[in-house]
Amino acid sequence: MGSASGFGILLFIGMFLVEGGSVPLEDFAVSDNELELMERTDNWFKVDDEDADMLVPELISKYGYKVESHSVTTEDGYVLKMFRILPREQPTVKKLPVLMVHGLLGSSADFVISGPNHSLAYLLADDGYEVWLANVRGSRYSKGHSTMLIQSKEYWDFTWHEMGYYDLPAMIDHVLNISNSNKLFYIGHSQGTTVYFVMSSSRPEYNDKIALMTALAPAVILKRVKSPILRFMLQTSDTLKKVLDALHIYEFLPHNENNHRIAQILCPPEEKNNACTQIVGLITGPHPEMFDQWLALTYQGHAPAGASTKQMMHFVQLIRSGGQFQQYDYGQKGNLEAYSSGKAPAYNLTASTAPVLIYYGLNDWMVHPRDVETFSKMLPRLVAAIPVADRKFNHLDFLIAKDARMQVYDKLLPMLDQYSGKR
């Protein structure tokens, strides 16, 4: 299934739910004053239409930052691409490097798409940090293997478990080696937090290499998903997986340059509260006041960026588990072969001993705030679990909301400075 067809499916489901009355349109209503805020006349985000079609290193260079591309090979042979943004100016005292890890169906573009003065990666570089942008296996920039063809079923036989167990350690070791540092700051969004807690619980020796882990909308306990689109897809996921397997399709929503062009037609940004605004709201939580439709259109040139179907099913299992954070469930027979146990083993979060700082949205329809609160109590070294003050802040707002800098980034930067001395 390509990105374009996947976008069309989400659009159809979303409009069906809105038109059918399953979701009240009032959730997406904005006042005249709020609509004025949404006008592009103020050019809120300093991005151009061409940004949708540029590669991440091109974007970074365009806005005046020095960038390097690095290739990393994991223990199991996957070849990953990382982008290193150098500090705008060298600080008087060297700061720890920062590793940023994107969410499901995202890529390194997530942390630079909003442009200078708004994207977290640029703000970190402005503040003297060396920033490393990850791309996990199977996503747009990390499709490669030392021996397997990416078209093969074997290549796509992974979930977010392998990302945490293999990808993160390889990337962390590479960052520390190149940066000549013994620790780094980790910032993850959504799945970027899922994979971190796989690593920190399964390979606990890596906790000593993390000065501070910042989790934005941590997708670990997923018991109360509110999104009607995700709940609908949850009900049909088993059938969809069987169909895709029968068609020998193992990649889910890969990057497709046509996605941006389709969005331009179906979701003209001049049209207030257009279809894309509503669909994104149905998935992540409605927040039209802080949703910039031009930026969203640009973002659709970069997302979705691909995943494995098995990876998607692992998230389905996580939701169905009733609050368990565990490895992939192959069924009793398969589990006996994989784990020598009839049940999929749970991750031991008490082994995750590096300090963790959490920010979460109260209007997140993907990761419910109560699930975040439950999860935070499982961590042995929680710094704080902070709800974003804007009560409409949703799952995607951490990346592209107009108030993301004010609500989150400007509060996060002093925390990193505070932990920089704790080496």
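Here the Cβ of each residue, glycine as well, is placed from N, Cα and C on the backbone.
For reference, TrEMBL has these:
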{"type": "SIGNAL", "residues": "1-20", "note": "signal peptide"}
{"type": "DOMAIN", "residues": "56-114", "note": "domain 'Partial AB-hydrolase lipase'"}
{"type": "ACT_SITE", "residues": "Ser190", "note": "active site, nucleophile"}
{"type": "ACT_SITE", "residues": "Asp364", "note": "active site, charge relay system"}
{"type": "ACT_SITE", "residues": "His395", "note": "active site, charge relay system"}
Original post:
By DSSP, what is the split of the domain 'Partial AB-hydrolase lipase' (56-114) into helix, strand and coil residues?
Top reply: 11 helix, 19 strand, 29 coil
**OP:** Taking the Cβ of Ser190 (active site, nucleophile) as the reference point, list residues of the same chain whose Cβ is under 8 angstroms away and which are at least six residues distant in sequence.
**Re:** Gly103, Leu104, Gly106, Leu216, Ala217, Pro218, Ala219, Met366, Val367, His395
Original post:
Mean pLDDT over the domain 'Partial AB-hydrolase lipase' (56-114): what is the value?
Top reply: 97
